[in-house]
């Protein structure tokens, strides 16, 4: 597809971004447990802190993502993509430097603050970039391919974390005889290899984006005036309906009341917002507690986490690159969305009744359908708005990403 060829640098950037940021996914549970509750398999403090972090991140993204999307209409998608690309380097650098309690809390605070910008705006701006480049009729497939590439970056990062020498040299020390010079001690340099590679990859991501990604016409160059930027958010479905509220001029950031207006400006948009909110809330609650649950009940470690994440990532990538492009033309986005939501409920139920260590692996296979929820919603909403509102419609009113 010619349009996808034009997205080459964006796809590489997305791959590198997810590669660098998700490399810590399989080790962060052990790092958190060792910093907060050394030598234990259960730690309620870790779960509480993770929940607070996700709540603050989600609420912050709810406020900041419309602002960033609004600014991208004036200054361009690329200029604003530099913000999440560079902000993500800071927490990874802190964790790569040290993993004691003090360094962990520094990582925790910076990760919470930077995620309010990175979590929502990176996807928002990237998808707006795709919408600028790809015609309306092909966006569902383009969004699926983009999500598949993101999943591929996730898979590559998990494979790297799985096979780097950390798995055999960095074991949690539960006895006093393990000193800082011991290869098994968390303070040994080899224990930070995964984290150091992640931090370096984040730097490479920002440099690549700055050097190779090209601006789109739908960003800075297409926004000629405040009047153009205030086109209706959603066109009415019939002539008898009133025009939808207009976006605020770009010279000011949208207020909370204006954000609420955007969420209620059309039945399609408000319904998608509700579905996205509750789906994101459920997924966030599940994932936040799942890793700690598996560690407490089945004594999962880094390698088991990596195996589980690999299954999710590989099947997810396969689904977005092959299954979704094949199903969308036959079923349409709405029917596929219903099927994906049912699959999402199914895998959450299996996780909740897991009676053996292999059940989570079976539940993870449901991602072949459940991963299509977000691309379907994005495609449905994207078709309802004009080129100037693409960043705003990718705002996810959720409590995490």
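From the backbone N, Cα and C atoms, a Cβ is placed for every residue, glycine too.
Where the annotation comes from TrEMBL, it is an automatic prediction and has not been curated.
As stated in TrEMBL, the feature transmembrane segment covers range 336-355 out of the listed 216-235, 236-255, 336-355.
It is 193-213, from the ranges 193-213, 361-381, that TrEMBL records as transmembrane segment.
Per TrEMBL, the range carrying the annotation transmembrane segment out of 7-25, 26-44 is 7-25. Residue ranges 118-139, 140-161 are listed, and TrEMBL annotates 140-161 among them as transmembrane segment.
It is 272-293 that, among the stretches 80-98, 140-161, 193-213, 272-293, forms the most Cβ pairs under 8 Å with the transmembrane segment (45-68).
The stretch with the most CB contacts under 8 Å to the transmembrane segment (193-213), chosen from 7-25, 272-293, 336-355, is 7-25. Only sequence-distant pairs (6 or more apart) were considered; of these, at least three Cβ pairs between the transmembrane segment (7-25) and the transmembrane segment (140-161) are under 8 A, so the stretches are in contact.
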